[in-house]
Structure formats: C-alpha cells, structure tokens
Amino acid sequence: MMKRFCLLLLLLANSTAAVPLENSGREEQPTLPSQAFSTGPSPTEAKSRFAMLDDVRLLANGLLQLGQSLREFVHKTKAQINDIFQKLNIFDRSFYQLSVVTSEIKEEEEELKKTTNFLKANNEEIRNLSLEINSKINSILQERTQLQSKVGSLEERLKGLSQSIVPADQLSEITTLKEVIEAQEKTITNLLKAVKEQHDQLDHQKVKIKNLEEKLSYDSFQDTVDKPVDSDPAAPNMFEYLTGNSTGLDTNDLPIDCSELFKKGEANSGIYVIKPNRSEPFNVYCEMGS
C-alpha cells in the first residue's frame with residue numbers, strides 16, 4: 001500500500017509541475033502591457049494598490065482554465081489509478097493461484113519421489129529374487145544332469161547284470177512272452193468291452209420285451225373284457241384248433257410276441273397266436289405299425 005500511495009503522489013506532483021508551466025505565460029502576459037507601454041509613471045497609479053480590471057479578468061480566466069485542466073487531470077489520474085489497482089488485484093489473485101498450484105506441484109513431486117524410491121526398492125528386491133531363482137534353477141539343472149548320468153550308469157549296470165545272469169535266448173523268449181501277454185490282455189479287454197456292450201443290449205431288450213408283454217397282457221385282457229359273446233356255433237375255437245392240431249403244429253415255432261411277428265414279415269394288424277415263455281399259446285390282437 002505504501003508503494004501505491006508514493007506512486008500516486010509522484011503522478012500528482014508531475015501533473016502540477018507540468019500544468020503551471022503551460023499557464024505561467026498566460027498569467028504574466030496581462031502585466032506586460034501595463035509596464036511596457038506606459039509613457040511615464042504617474043504618481044496616482046504608482047500609489048494605487050488595486051490591479052486593473054482586465055488583468056483581474058485575465059487572471060480569473062487563467063485560474064478557471066487551470067482548475068478545469070486540473071479537474072480533468074485528476075479524473076484521468078483516478079481512472080488510471082483504478083486501472084492500476086484492478087491490475088494489481090488481478091496480479092495478486094494470479095500470484096496466489098500460482099502459489100497454490102506450485103504448492104500442489106511440490107506435493108505431487110514429493111509423492112512421486114516417494115513412489116519412485118519405493119519402486120526402485122521393489123525393483124532391487126525383484127532383481128535379487130530373480131538372481132536367486134536363476135541360481136537355484138541352474139543348480140537344479142546341474143543336479144538333474146548328474147542324476148541322469150547316474151541313472152544311465154545304473155541302467156547300464158543292470159543291463160550288464162541281467163545279461164550276465166540270464167542268457168540272451170531266455171531274454172528274447174521273455175520279451176516275446178511279454179509281447180504275447182500284452183496282446184492277450186488287449187484282446188481280453190476288447191472282449192470284455194464287447195461282452196459288456198452285448199450285456200447292456202440284452203438288458204435293454206429284456207426291458208423292452210417285459211414292457212411289450214405287459215402291454216400285450218393288458219391288451220388281451222381288454223379284448224376279452226370288451227369283446228361281445230359270439231353266438232355263432234360255426235365259429236372255430238382257437239384253443240380247440242390248437243389242441244386238435246397239436247400233432248401237426250409245433251408250439252416252439254410260435255412267436256413269443258407281436259414284435260417277433262413283425263420281424264418275421266407280418267405287416268397286417270389282426271389276431272395272432274403267440275406263446276410267451278413258460279405259458280400256453282393264446283390269441284392276441286397285434287397292431288402292426290411303424
């Protein structure tokens with residue numbers, strides 16, 4: 001604030017020093033004619049204490065112009081000072097903002113330094129660990145090569161011992177027997193797989209046959225219940241036909257169900273004679289379809 005006040009005083013001093021120099025000529029001009037063109041001093045004018053009216057008017061006009069110019073100068077100076085104050089305020093704000101930004105940047109720099117130091121330490125630890133791991137891997141590889149060499153030497157010793165104990169002919173026979181046994185094991189496993197598959201198929205067929213038998217027994221029961229009594233005495237009895245012609249018909253050739261009839265080529269639906277396992281032959285209605 002003291003700097004601003006001193007600057008204002010200097011500007012006012014310069015303006016006051018410049019304006020009187022411009023108006024000093026105007027103030028001194030009215031006094032010249034009264035002194036230069038006077039033919040002779042009269043005793044009454046020399047003794048007079050009052051100035052001429054023209055001189056007073058000229059002086060008043062000069063003072064009026066001086067006041068107007070000073071007032072204009074003061075207004076201009078005030079406007080300039082206000083502009084300077086505004087610029088200083090803007091400068092102060094920008095300086096404060098810059099100081100805040102610089103403080104934030106310094107804090108970020110400190111954090112970055114800490115993180116870089118931490119990362120450097122971690123990199124050092126990782127590098128040391130990697131070196132240790134590489135050394136361990138190299139040692140393990142060396143041990144592996146040593147073990148491989150030892151195993152190779154032991155295998156050679158075993159081969160030598162086996163050859164010294166067992167003759168070559170017996171070794172060849174043993175190898176061939178091993179091969180034969182392995183082939184037999186493979187064939188046995190394949191046969192077991194085939195038997196298992198056949199067993200599964202048989203189980204499936206048994207379940208299917210059982211379902212068909214249950215369905216056939218149910219259908220025959222429904223046919224016997226729903227079928228009206230035939231009063232025609234000329235209609236042949238299937239049981240009498242079967243018992244009367246038992247000599248000419250083999251009961252073993254009768255199908256066990258409708259599916260066997262369908263497999264044999266019967267495609268027409270109707271009443272057929274079947275003989276399930278461990279039962280007497282009887283007639284059923286077989287519906288042949290897809």
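Note that Cβ sites are derived from N, Cα and C of the backbone, with glycine treated the same way.
Curation plays no part in TrEMBL annotations; they are all automatic predictions.
Pulled from TrEMBL:
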- 1-18: signal peptide (SIGNAL)
- 22-45: region 'Disordered' (REGION)
- 31-42: compositional bias 'Polar residues' (COMPBIAS)
- 105-215: coiled coil (COILED)
- 249-290: domain 'Fibrinogen C-terminal' (DOMAIN)
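With DSSP states grouped into helix (H, G, I), strand (E, B) and coil, the domain 'Fibrinogen C-terminal' (249-290) comes out at 10 helix, 10 strand, 22 coil.
Mean predicted confidence for the domain 'Fibrinogen C-terminal' (249-290): the pLDDT average there is 79.
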